[in-house]
Amino acid sequence: MRAERTSFLLALGLLMAGIRSVHCLPENVVVKDQRRRVDSHTLASSNTDFAFSLYKQLALKNPNKNVMFSPLSVSMALAFLSLGARGPTLTEILEGLKFNLTEIQETQIHQGFQHLLQALNRPSNQLQLSVGNAMFVQEELKLLDKFIEDARVLYSSEAFPTNFRDSEAARSLINDYVKNKTQGKIEELFKYLSPRTVLVLVNYIYFKAQWKTRFDPKHTEQAEFHVSKNKTVEVPMMTLDLETPYFRDKELGCMLVELTYSSNDSALFILPDEGKMQDLEAKLTPETLTRWRNSLQPRRIHELYLPKFSIKSNYELNDTLSQMGIKKIFTDADLSGITGTADLVVSQVVHGAALDVDEEGTEGAAATGIGIERTFLRIIVRVNRPFLIAVVLKDTQSIIFLGKVTNPSEA
């Protein structure tokens, strides 16, 4: 029976686009207390929990490599998919996204993402941020009107008729769409599409912001970055003198420096002590992030050395999500809320991400080095060994990018 089921792809870009949605509830769902709408903190907490869980899986599967992804893009795409899920398939997706279904209703989760999209799309002259979803649908496939409407209203999804029988043309159509929405940062989200594909869901996010205090390119010089005990590479190292939030975590053996964008969003650089990366990764939790944010205090850093980098990644997440408990969508899925029949199964979950950090700021579509030197009141921070980075939006506390930079010289 499984061999007869129809291919369905879930694509996760590293960008997002314009959202203008109005309040809408799924039919036949009564919210007992309308005031119990999911607030941004509740949504951010679940999304952060999911972000760190997914990070740990990706880091485990990609040892000694750069890791970069957009947890918000992945979670939003899966929440979008859950609109059409029923029964145990629905429960598995939402619990896999770290929602406690004894405390929160499905309707509230969708409302939470709806309001998050609205918040992310507020116009700003200090930040380029676009967020969106899209469906590419086999031309003769009949989707339920309710799914189409919920997708449009709650997730601002566009829909495009597509001829998947010409799989190469369909692949080009989708890849070009994502490339356009991500300002060229994600050039080839799909390497391959099966002719049996009938539906592709895409989520994309684009983020570009300038540092509040910019690095001077004239001071950027080649310097050593210690990838491991046995490997050192030369990278462009930026330097800056500034006052910025800083915290030395003696308990976890790491140092944190937060750099703020002109939009007041921020990038948090987490620098483990030598030999402490794996220990630190194991202890990444929402509670740890909250403690760090509460502990950051403005400090004068006379010399901050930070490598320029441009990292792109592409992940197939089927096995990773299965290990995180989201299994049924790939095997015996009940996605009857999409077409009215239970003949759809997700064949591939693909996520592409790109993040650039330079003297101007950040752009993303997705050994011996972290030394602190003190001479009286003079603080010098050298980021010249593997480190973690989290890009966080201030108003929603959403982690839009999370990753590990092991080798800045590798794209």
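Using N, Cα and C of the backbone, Cβ positions are placed for all residues, glycine too.
Under the heading N-linked glycosylation site, Swiss-Prot lists N100, N180, N230, N264, N318. Residues or ranges marked as signal peptide by Swiss-Prot on the basis of similarity to another entry: 1-24.
The glycosylation sites considered are N100, N180, N230, N264, N318; of these, N230 has the fewest other C-beta atoms within 10 angstroms of its C-beta. A distance of 27 Å separates the Cα atom of N264 (N-linked glycosylation site) from that of N180 (N-linked glycosylation site). Between the alpha carbons (Cα) of N230 (N-linked glycosylation site) and N318 (N-linked glycosylation site) lies a span of roughly 34 Å.
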